[in-house]
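Data first, discussion second: the structure below is written as structure tokens.
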Amino acid sequence: MYRSLKRWWWLFTGPTIAAFIIGFVAPFALGVYLSFTKFTTVTKSRWVGLDNYARLLSDDTFLHSLWYTAAFALVTTVVINVVAFAVAYMLVKKFKGSNLYRSVFFMPNLIGGIVLGYVWLLLLNGILGHWARSITYSATYGFWGLVILVCWQQIGYMMVIYIAGLQSIPGELIESAEVDGATPRQTLRSVIIPLVMPSITVCTFLTITNGFKLFDQNLALTNGAPSRQSELLALNIYNTFYGRTGFEGVGQAKAVIFLIIVAAISLLQNRFARSKEA
Amino acid sequence: MATRKTAKLAAGLMAGALLFGVTACSGSSDDSADATGKVYYLNFKPEQADDWVALAKAYTEETGVQVDVQTAASGTYETTLKSEMAKSEAPTLFQVNGPVGLQTWKDYAADLSDTEVYAQLNDQSIALTNDDGNPVAIPYVMETYGIIYNKAILEDYIATDGAKITSADEITSFDTLKSVVEDIQAKKDDLGIDGAFTSAGFDSSSDWRFKTHLANIPLYYEYKADGIVGQPESIKGTYLDGFKNIFDLYISNSTTEPSLLSGKTIDDANSEFALGKAVFYQNGTWAYNDIKDQKVDDADMGMLPIYIGADGEENQGLTTGSENYWVVNSEASEADQKATKDFLNWVISSDTGRDTLTNTMGFVTPFKTFADYESSNPLVQADAAYTAAGKTAVTWNFTTMPSEEWKNTLGQAMLAYAQGTGDWDAVRATFVDNWATEVELSNQG
């Protein structure tokens, strides 16, 4: 059996490898290659070296959206994880209807980003209308509008992961902490949180990368208005690629930088959080 | 032993089948070099999507040539075009929006000098040419914009005490327009309206009316004064004060608080006009489809030129031009290019084509073949009336604006000014300084 596997492995892994190359490796390599070229359609490009990266440095909108996105990812990561954990902590207690609450909290995830953006656009504009304002009035409005929307959407999802983490803690541990005279706060800090660390790792990873990659909601809610001031990175790249003639390569270069940033941050976060796991 | 071999063989075959399945998906289909050629039109105007499909079907029934029509969703034409052109079955016919758009697609623009659509142009100089001077982009629809107004409400106003005018014909300058607009705004409750102007919405569905169309007026006067043809490297902004005047008039005499403008859409403006809640509405002949058959009768729709207080504006007509140019894809096969040119020829010369373009789509076309076709659109008729009265039509100079980015920056600066978060100096800076910057950037590389 082992010998035939050794001989025939390529036949078995071949389809997967082929699919992987066609679906992942090729577009990725093409994307990186295109960031060094000038092109209008992706099939007709001309090598220009580091030109696109040089032009990118003088683009103020890119730097602005970089900071804007970093702030956004930070705020949403903190808010989503704290609230999701709190909700999960409450909903693992046995009480009537706790399952119903779980479903209700999870539900926003079932709605697509664009639709969600438009629905929240109506809601937020309706409220801001009292002060004769709308969400695109300034970048600050857009920022908090996006934070509210994304929190509303993702808290339920992270909650599910935290519930799974909390339920896997053996009941005896909590009981023995109680017997030893620990206050609920001490139990939470010294017993529960260290034990759900794997869930925290996963959830912070998901929220950070989601924060950086956010696109649909941004597009539907503010579309970068006013003055491209509420533009997150992904939307900035999209607008550069499609919105500006002759800037397709620059957009591609931004995408490569974007990839490096997101990859670096998630690797660091993962290493840091794992080191805390029990 | 035999069973093991069979199992191995079967597994191998299955894996092989899977592998084959995957590669087959990525296989290209270059085997369709049909001798008769076919047409694939990527249409720009969503409002006429169904009409083009019907037209294509009629052509196929008549000649047997396959014509596919795709329409990009509103505001996504360039995006769609970029991805469609990268495909092996690329559009054989697409559109550019003027010289700046053509600059992007010049490598894909076929020479059209031997075509009927070029030969039949009333004025061949409106076709766009490539670097060698050959026509490569043909406008197929002439459009007009200005300030659409509601004649019925304006007559109600004229009947009020102390009205500034006795007839709409007296509005021939910015000053008259301003006094009328401000008086109407003051009397809006008596007239039963929400404001003189519809909301000057700065949502992306509506902001082109200002960052592009309104900004064309000061540009037109500057080009005229300085004798500029084509795209200048830089501009002076001589008429920006007039631009500010008209924009101030729009935002301070409307149905809407300026701080709400960022979220207002074209639909808001359409409905405000169509339901008779506002008298004036800056838009063009194409808006007729959205405002007809509601509260305002066709007979009550008129159109005024956009006045900004420039010298000699008494003779100013409406703003007329085109940003819809047909371009044949030069990368398509010879047969497809020929089929495409034949299709275009049919569109402008057959009865079906001419009837669809004029009556169904409501277009005014620049071709000789349309001499006996007259539009029923009252806004088009308003334009004809101005031309007949000897007024000078304002040309569409916004097609020379350096880039989309320039327009967007201007639009956002105008919005900031309107809602009070920015000042007029920023608008001036984005208009004048950014022009030179963007021209340079766009011509880079």
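Glycine too: its Cβ is placed from the backbone N, Cα and C atoms.
Summarising the annotation, TrEMBL assigns domain 'ABC transmembrane type-1' to A:66-269.
If you look up TrEMBL, you'll see A:9-36 (among others) marked as transmembrane segment.
Per TrEMBL, the feature transmembrane segment maps to A:66-92 (among others).
Residues or ranges marked as transmembrane segment in TrEMBL: A:104-123 (among others). Long-range contacts of the transmembrane segment (A:104-123) within the same chain: residues 87, 91, 135, 145, 148-149, 152-157, 159-160, 215-221, each at least 6 residues beyond the stretch ends and with a Cβ under 8 Å from a Cβ of the stretch.
According to TrEMBL, the feature transmembrane segment maps to A:143-166 (among others). Note on the transmembrane segment (A:143-166): residues 68, 71-72, 75-76, 79-81, 83-85, 87-89, 91-92, 102, 104-109, 111, 113, 116-117, 120, 124, 135, 192, 195-196, 198-200, 202-203, 206-207, 210-211, 214, 217-218, 221-222, 230, 232 of its chain, located 6 or more positions outside it, place their CB under 8 angstroms from a CB of the stretch.
Away from its own ends, the transmembrane segment (A:187-208) comes close to residues 73, 76-77, 80-81, 84-85, 89, 154, 157-158, 161-162, 164-166, 168-169, 173-174, 177-178, 265-266, 269-270, 273-274, 276-278 of its chain (Cβ-Cβ under 8 Å, at least six residues beyond either end). Under the heading transmembrane segment, TrEMBL lists A:187-208 (among others).
TrEMBL lists A:249-268 (among others) with the feature transmembrane segment. Residues 31-32, 34-39, 45, 48, 51-53, 55-56, 59, 62, 66, 205, 208-209, 212-213, 233-234, 236-238, 240-242 of the same chain sit 6 or more residues outside the transmembrane segment (A:249-268) yet have a Cβ under 8 Å from a Cβ within it.
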